[in-house]
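Feature list (source: Swiss-Prot):
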BINDING   Leu120, Gly124, His125, Leu126, Ser353, Pro354, Phe355  (6S)-5,6,7,8-tetrahydrofolate binding site
MOD_RES   Lys229  N6-(pyridoxal phosphate)lysine
SITE      His228  site 'Plays an important role in substrate specificity'
Amino acid sequence: MFKDISIKDFDPVLAKAMAAESVRQENHIELIASENYCSQAVMEAQGTDLTNKYAEGYPGKRYYGGCEHVDVVEQLAIDRAKELFGAEYVNVQPHSGSQANSAVFLALLEANDTVLGMSLDAGGHLTHGAHINFSGLNYNAVQYGLVEGTGLIDYDQVESLAKEHKPKMIIAGFSAYSQVVDWARFREIADEVGAYLLVDMAHVAGLIAGGVYPSPVPFADVVTTTTHKTLRGPRSGMILARDEKLAKKLNSAVFPGNQGGPLMHVIAAKAICFKEALENNFKTYQQQVVKNAQAMAKVIQERGYEIISGGTENHLMLISLVKQEMTGKEADKWLGDAHITVNKNAVPNDPKSPFVTSGIRIGTPAITTRGFNEAQAGALAGWICDVLDSRGDEAATAEVRSKVEAICKELPVYAKNQ
């Protein structure tokens with residue numbers, strides 16, 4: 001029925017845009033902390049005929065026939081995730097990290113219940129209670145922040161707010177925090193007020209799987225994550241728990257509460273991702289991610305730029321540009337012109353709008369996948385500072401761009417593109 005025809009032949013306009021993106025990924029340095037390069041095997045799984053299969057329900061209990069093979073696929077993903085993170089319960093069906101969080105809210109809370117989460121400008125996420133998100137619109141969201149001067153999580157404030165507001169759920173986790181989180185302290189505070197503890201480990205899931213960042217699974221009631229970022233899998237989500245007492249509620253919240261049919265081709269890609277993460281070389285990769293981040297942070301600080309919290313113990317750093325009287329939007333543009341991709345990001349007490357900001361966030365998962373070592377990461381940090389110091393000067397930008405071009409050729413992402 002279907003002709004054996006390529007995208008290029010059938011839809012050349014789309015093919016051109018896709019090819020251009022492949023070129024961009026090969027020729028630009030990727031420093032967005034939430035991005036990474038997945039393996040060809042992960043991409044292959046997402047292009048299979050599993051995409052045709054509807055499979056509402058869970059393995060062994062589907063609402064459609066013909067699910068005997070996709071049951072095997074999903075169970076493989078579940079079992080591997082359990083082994084990887086030491087969890088008793090895993091749901092691999094959420095389409096994203098945000099939908100995983102949404103399902104947890106649906107499972108554990110009633111409308112207008114109080115939740116306590118990290119504010120966006122302190123490094124939290126939209127789904128941790130931001131007023132423009134479902135978590136802030138449908139629930140009474142209280143926000144905690146950082147200790148002024150150190151940039152570390154203000155655990156005393158978390159405890160004080162918890163005692164004052166008696167939240168039904170406390171959220172730990174972040175999208176732009178570069179230090180180690182004290183999961184045990186969050187557990188103590190949650191127990192003190194009788195709250196559920198949800199940990200969103202999306203950014204550090206790979207580091208945790210690799211044993212270079214402490215796991216929240218023994219402490220949290222529920223853990224959510226994406227499967228890309230440091231985990232280096234497909235763009236998707238997952239829910240885990242230390243025991244199965246909440247399994248029925250969580251499963252029902254994902255399906256039918258929050259989603260219909262799962263994406264079986266993506267779940268297959270998750271199974272591959274988890275198998276890759278169980279390999280010995282994955283730990284070596286995660287160790288290098290942190291080493292590269294620390295090498296970059298050292299140079300950036302030596303060049304006079306402030307890193308919120310004073311450094312990094314994970315894969316990312318949030319750089320304040322307030323002292324330089326520079327906006328994140330400007331820095332994003334100037335570095336982009338040099339073929340270095342970052343994202344503008346709010347900093348604590350940011351006077352600028354979220355679309356402008358006073359900071360940038362950078363991370364090392366993608367460059368480490370590419371093969372960068374500490375020396376190359378440190379050199380890259382210097383190039384970033386050269387561009388920012390020049391405020392986007394054309395000559396300085398061109399010089400850095402030529403260096404970027406050279407190292408991208410030296411360290412290709414995918415050999416097939418060379």
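Cβ coordinates come from backbone N, Cα and C, glycine included.
For the (6S)-5,6,7,8-tetrahydrofolate site, whose binding residues are given in the record as Leu120, Gly124, His125, Leu126, Ser353, Pro354, Phe355, the maximum C-alpha distance rounds to 16 Å.
Neighbour count (other Cβ atoms within 10 Å of the Cβ, all protein chains): 16 for Leu126 ((6S)-5,6,7,8-tetrahydrofolate binding site).
Separating the Cα atoms of His125 ((6S)-5,6,7,8-tetrahydrofolate binding site) and Lys229 (N6-(pyridoxal phosphate)lysine) is a whole-number distance of 15 Å.
Around Leu120 ((6S)-5,6,7,8-tetrahydrofolate binding site), the C-beta neighbours below 8 angstroms that are at least 6 residues distant in the chain are Leu126, His128, Ala130, Ala346, Pro354. Each residue contributes its Cα atom, and for His228 (site 'Plays an important role in substrate specificity') and Ser353 ((6S)-5,6,7,8-tetrahydrofolate binding site) these two points are 28 Å apart. In this structure, the C-alpha atom of the residue listed as 'N6-(pyridoxal phosphate)lysine' lies 16 angstrom from that of Gly124 ((6S)-5,6,7,8-tetrahydrofolate binding site). A C-beta separation below 8 Å, combined with a sequence spacing of at least six in one chain, links Phe355 ((6S)-5,6,7,8-tetrahydrofolate binding site) to Lys329, Lys344.
Ranking the binding-site residues Gly124, Pro354 by how many Cβ atoms sit within 10 Å of each one's Cβ puts Gly124 at the top.
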